[in-house]
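A short worksheet on the structure shown next.
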Amino acid sequence: MVNQSSPMGFLLLGFSEHPALERTLFVVVFTSYLLTLVGNTLIILLSVLDPRLHSPIHFFLSNLSFLDLCFTTTCVPQMLVNLWGPKKTISFLGCSVQLFIFLSLGTTECILLTVMAFDRYVAVCQPLHYATIIHPRLCWQLASVAWVIGLVESVVQTPSTLRLPFCPHRQVDDFVCEVPALIRLSCGDTSYNEIQMAVASVFILVVPLSLILVSYGAITWAVLRINSAKGKAFGTCSSHLAVVTLFYSSVIAVYLQPKNPYAQERGKFFGLFYAVGTPSLNPLIYTLRNKEVTRAFRRLLGKEMVLTQS
């Protein structure tokens, strides 16, 4: 069967059967996108401009913020166009680019969150050796590994997904071009793609999440065993744990959902949340729970006020 989607692209259905809901979602998505742009840009600027934030965890946090900026910009503009008007089409090339970047950045975030959990493990469980173990060169290496793994995963999975024989109606039951939605659109045999997605889910979702849980299990054990002073260090981990919970719960709901209409409809909400919600909440979580970031923001405001008055 010839891939009939190439000349005309796809139709992204989203919640087109609920026009009133689309208008509400437009406002929510637009507001979340603005918060994402402002919040994550602010964290990157603070991490660069404030010398007190030149630490490994803030280096990884700035990577996460840059990733979230790219992640949302890949899909939100197209999503807003589809939510606002009747035109819900996306070209085959646009869908291909969106799928490639979405896969790459999503995988990178899974690995990066695992790296950040390792950083918190060393900070709490090996505080005297933290500077020796988590040195700047290792930070760059770990961040590079996360980005490279994301790129490799996308290079492997994107072509096989786009080569599927898609049904003539070309209606993607989702907001964005994602692997599960494109597999459901196929009118041919998808066994290979489903196995590929299952294997990728194990290595990119299950294994990293397991490592994160093991790290936080060790952190909790160390806090309970040693002394109450560790409780303050453990408090710095709560922001990361909240981000992990939000991101992984929504991604798992999308990629490991059962095959039934109710699960698919619910999966659209979860997909919308991890594509739009978590990137806008991440800066808020880290700013409110991280006193160093809050103080850096106040110092930056103080300098701006001084410059303005002078």
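Keep in mind that glycine also has a Cβ here, set from the backbone N, Cα and C atoms.
Note on TrEMBL: of 129-148, 269-288, the range annotated with the feature transmembrane segment is 269-288. If you count C-beta pairs under 8 angstroms between the transmembrane segment (60-84) and each of 25-48, 90-118, 198-224, 236-257, the highest count goes to 25-48.
When the stretches 25-48, 90-118, 198-224, 269-288 are ranked by Cβ pairs under 8 Å to the transmembrane segment (236-257), first place goes to 269-288.
Between the transmembrane segment (25-48) and the transmembrane segment (198-224) there are fewer than 3 Cβ pairs closer than 8 Å, counting only residues 6 or more apart in sequence, so the two stretches are not in contact. Summed and averaged per residue, pLDDT over the domain 'G-protein coupled receptors family 1 profile' (39-286) gives 86.
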